[in-house]
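The following features are taken from TrEMBL:
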TRANSMEM  21-40  transmembrane segment
TRANSMEM  56-75  transmembrane segment
TRANSMEM  526-543  transmembrane segment
TRANSMEM  618-637  transmembrane segment
TRANSMEM  649-667  transmembrane segment
TRANSMEM  679-703  transmembrane segment
Amino acid sequence: MDTASSSLPLNECRVLKTNLIINRLHMFLNGSAILALFYYRATNLFRIIQTKETPIIPYLIVCISEFFLTALWVLHQAYRWRPVKRTVYPERLKDDSKLPAVDVFICTADPSKEPSLGVMNTVISAMSLDYPPDKLSVYLSDDGGSWVTLEAMRESWKFAKWWIPFCRKYNVKNRCPEAFFAGVEDTLSTSSEFLDDKKEVEEKYQEFQDILEKNSVNAKSSVSRNHAPTIEVMSDAKANALPLLIYVSREKRPGHPHHFKGGALNTLLRVSAVISNAPYFLVLDCDMYCGDPTSARQAMCFYLDPKISSQIAWVQYPQKFRNTSPYDIYDGRLHPIWREGQGLDGLRGPTIYGCNFFMTRDAIYGTEKVRKGLDVNQLKKSFGESNEFIKSVQSNYKPSVRNDGKVGYIYFTVVEDSMTSFILHCKGWISVFIDPAKPCFLGACTSSLNDMLVQQTRWSFGLMQIGLSKFCPLFYGPVRTSILQSMCYTALVFDALYSVPFYGLALIPPVCLLNGISLYPNVDDPYFIVFAFIFFSSLLKHVQEVLSYGDDLRTSFYELRVWMMKSAVCYFYATMNAILDKIGSSEANFSLTNKDIEEEQLKRHQEGIFDFQASPMLIAPLCTLYIVNVVSFVIGTAKIIRSQNGSEMFVQVFISLFGILMNYHLLEGMFLRKDKGRVSPFVTLLSLAISVVFLFVGSFIVVY
């Protein structure tokens with residue numbers, strides 16, 4: 001590398017100035033309107049208490065709902081304070097001999113729900129990263145202790161001996177075998193040698209696929225929740241031609257908490273420490289294959305930058321998906337999260353999104369304490385009883401497993417701590433968010449309504465648990481991070497509280513409309529403009545964010561509709577479960593999202609048709625809310641026409657109509673569709689019954 005190129009930066013950070021200006025202007029204008037709204041509410045509430053002209057209970061519920069919406073809006077503005085975009089230049093890195101080692105951690109738990117072929121494609125794509133093989137180790141954690149998964153790992157090792165040399169020889173850009181042979185690769189050689197080699201490797205892949213399918217016949221029965229630990233190291237004696245491949249199944253016993261994925265990652269940290277002990281590690285979901293083989297080199301553009309390398313804890317990539325529908329009716333691309341990720345990146349860095357991040361061991365270990373010569377007995381309180389593991393934390397520790405392929409006994413307990421050390425040791429560190437044009441990691445998004453709701457409920461529940469713990473960012477964060485960063489983390493963990501204002505505004509105004517009770521200013525009242533401005537400015541701001549990210553107008557409609565469904569179902573159940581878990585009335589549970597999708601479901605997903613084959617607990621709340629609003633709108637509007645008091649009730653009519661139009665798919669699913677994916681008649685009847693009861697009881701409460 002010449003002197004000129006070595007002086008060029010490895011990465012650049014660009015502030016998105018146009019978005020920044022629009023964001024701050026919207027904060028000021030919308031914030032001013034919200035202040036006027038609360039002034040109106042306060043003065044009216046005082047008058048209502050004196051005159052009793054309006055029932056106090058519904059008015060208070062609406063006020064509380066608006067307060068919750070405002071509080072969450074204020075917290076989310078921190079994401080919009082300083083959005084940035086990062087660019088990396090991996091071609092400017094020094095030669096491979098100067099690159100640090102990297103460990104890759106992949107977690108799976110059940111081959112009947114996470115098919116082995118998909119998991120092994122992720123494993124092989126990680127082994128095929130464009131990185132020195134002697135500095136790369138790939139670990140798979142199998143929490144099911146399944147012989148199906150172990151056999152699949154052994155077969156993957158055999159196939160990798162064909163696949164990786166082929167990728168290197170022809171500089172294959174997409175190194176996931178399944179994607180490559182499906183024709184995703186866009187820059188292929190046409191030479192006869194390449195075609196011959198490709199045919200040979202494709203035949204090997206077909207053999208590999210057949211073996212995995214044959215072994216997976218009894219996948220469900222192979223899963224265990226009561227097994228001893230197993231570690232198997234697969235290494236190549238030919239001059240480190242392939243990365244290390246390690247299968248890890250930690251010990252699990254009934255009645256002992258294992259902390260799910262967090263516990264699995266802690267086990268991988270301990271096992272990898274004495275096998276490869278790379279200073280950096282990458283965490284992947286089992287269905288999130290490496291789409292760009294240069295991802296590790298891109299991450300090193302930050303870790304090897306002398307200006308910021310000592311501060312960076314992790315480099316976070318977004319989750320991108322290969323199976324998104326052109327309609328994306330379930331918001332599977334998660335673009336709202338990645339848009340906010342750009343904003344959080346401008347405030348010392350994003351949170352960890354669960355996968356697709358490179359992290360330094362120093363940040364999670366807190367190794368400064370270790371290297372200052374603490375007593376071994378003190379270290380064992382934090383790192384466990386394994387002397388070998390404690391030695392691995394020392395800077396001069398050199399594992400020898402790569403040379404002989406053998407591994408001795410590694411101590412790790414049944415009761416693994418969850419990854420609280422992320423919180424304990426990351427004070428003072430920063431992180432970065434990189435969203436390159438070519439996705440570095442590609443996974444499978446949920447393609448059914450049931451899976452989307454289950455997944456979002458699980459995520460929201462976990463975040464609410466943090467919000468209700470001693471690590472709540474609202475109190476734990478401000479003394480350790482900036483106010484804006486703490487606001488971002490607080491918004492993240494308390495997003496499930498959107499269920500409070502959503503139910504308040506989806507139920508109370510319609511019931512009051514049905515009974516002729518006005519909760520909002522008349523059309524000719526100056527404060528009507530305030531309410532209208534807040535509503536439409538918020539909608540337009542959302543549209544602007546969607547368009548500026550490169551999506552179309554239809555995406556903003558889908559995102560808003562999914563937010564409504566999440567608020568009605570996911571956020572509601574997550575909040576209730578988190579509260580019950582906090583007071584000890586229920587136990588946290590974890591369910592995998594099914595990666596094995598039925599063909600009919602997949603077809604409906606691609607065509608943009610909702611699939612309502614889901615638990616009544618998930619669908620009934622949506623249908624009930626819809627029926628309540630339809631009934632209130634129809635009857636309430638008829639009353640207004642007869643009484644000619646539309647000016648007083650206009651806002652409530654509009655709220656119900658807006659919800660009805662936004663969620664027209666529910667009307668189709670309940671009454672217009674006849675296909676297998678419609679809302680079941682049982683759920684429709686159940687929702688009708690609940691709606692009638694609610695409207696009767698609700699009307700009695702608001703009137704009397």
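A Cβ is built for glycine as well, from the same backbone N, Cα and C atoms used for every other residue.
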Candidates 526-543, 618-637, 649-667, 679-703; stretch with most C-beta pairs under 8 Å toward the transmembrane segment (56-75): 679-703
Near the transmembrane segment (679-703), which residues from the same chain, at least 6 beyond its ends, have a CB less than 8 A from one of its CBs? 55, 57-58, 507-508, 511-512, 514-515, 517, 612, 616, 619-620, 623-624, 626-628, 631-632, 666, 669-671, 673
Could you give the residue numbers and ranges of same-chain residues that sit at least 6 residues beyond the transmembrane segment (649-667) on either side and whose C-beta is under 8 angstroms from one of its C-beta atoms? 329, 505-506, 509-510, 512-513, 516, 518-523, 528, 531, 557, 560-561, 564-565, 610, 622-623, 625-626, 629-630, 632-633, 636-637, 640, 679
Same chain only, please: residues at least 6 beyond the ends of the transmembrane segment (526-543) with a C-beta under 8 Å from a C-beta of the stretch. Say none if there are none. 22, 26, 29-30, 33-34, 36-37, 40, 520, 553, 556, 559-560, 651
